[in-house]
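Novice: Questions regarding the structure given below will be posed in turn.
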């Protein structure tokens, strides 16, 4: 099979939509969706996705290289694997999205949007992921959705765990640690993200990974992603990662979503504020009609501050630090 990313960017399906190598069988499932299956038995079903936001190119390049190495038999395959490039039109355009953010549409929320290509794409991805996991109901289900952040961060590599009412998968948490993430954030309410969909509707152990900053194709310094790249290669090949050698991962949970509900909304942070900036108790964070929010805990940290979002969307989230053991008792 030719280069996965090149075919996806061309907008033309490959002339051959299935095939096999000495190690695996592959199938072109849909535009930007490729399934790889090892010849032997396996106990894990893994979904790896990137490009849900089209301008977040580093994860796309990482997954494309992973697929190339698997197809060239330079890396063995030990899991059932579905690789997804989420929003091909936006990837071609180099834009975050064309009409609306797909990563707010999952869990059926695409039905609340007009019939755009991106709403249809969210529906297709839900269908393909659901079918993939359902075809092997006894396997361990994992989904990592790879992104890069719009702005800088005190933690360059961090993960976001979707809200769930049962404990998080210990094997997933161990992999996240050994892949040397700097921080992990636990959501405390349901959302429309791809990772939340696979967790809630497919019972997968899921996590959104934020890796560095969004840059155009060819400008990424992929060496800075070496730990997560090594983690992904070990995950799909059945290899073992060395025990974490960097500082311990820091854990956070969401305590407040800053929703922009009125035209007079004001987010009281500087335009150059980076993710995980800390604020002391009493600091005024937002003001709008009939609402203001001040930091309620001794310290809170802000994530994804963006006052320019449309009305009704989240302009940031506030976090507090938490103990790792709470994740296993969620």
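Numbers run from 1 along the shown chain.
Placed from the backbone N, Cα and C atoms, the Cβ positions cover glycine too.
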Novice: Looking at Zn(2+) binding as recorded in Swiss-Prot, which candidate out of 147, 154, 155, 187 goes with 53, 56?
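Specialist: Between 147, 154, 155, 187, Swiss-Prot records just one in the Zn(2+) site with 53, 56, namely 147.
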Novice: Taking 8 Å from the centroid of the Cβ atoms of 53, 56, 147 as the cut-off, which other residues in that chain fall inside it around the Zn(2+) site?
Specialist: 50, 51, 52, 54, 55, 59, 96, 146, 148, 214
Novice: Please identify, from the binding-site residues 53, 147, the residue with the sparsest Cβ neighbourhood, meaning fewest other Cβ atoms within 10 angstroms.
Specialist: 53
Novice: Would you mind checking how many other C-beta atoms are within 10 angstroms of the C-beta on residue 56 (Zn(2+) binding site)?
Specialist: 27
Novice: In whole Å, note down how far the CA of residue 147 (Zn(2+) binding site) lies from the CA of residue 210 (active site).
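Specialist: Cα of residue 210 (active site) to Cα of residue 147 (Zn(2+) binding site) measures 5 Å after rounding.
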Novice: Can you count the other CB atoms that lie within 10 A of the CB of residue 210 (active site)?
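Specialist: Excluding its own Cβ, residue 210 (active site) sees 27 Cβ atoms within 10 Å.
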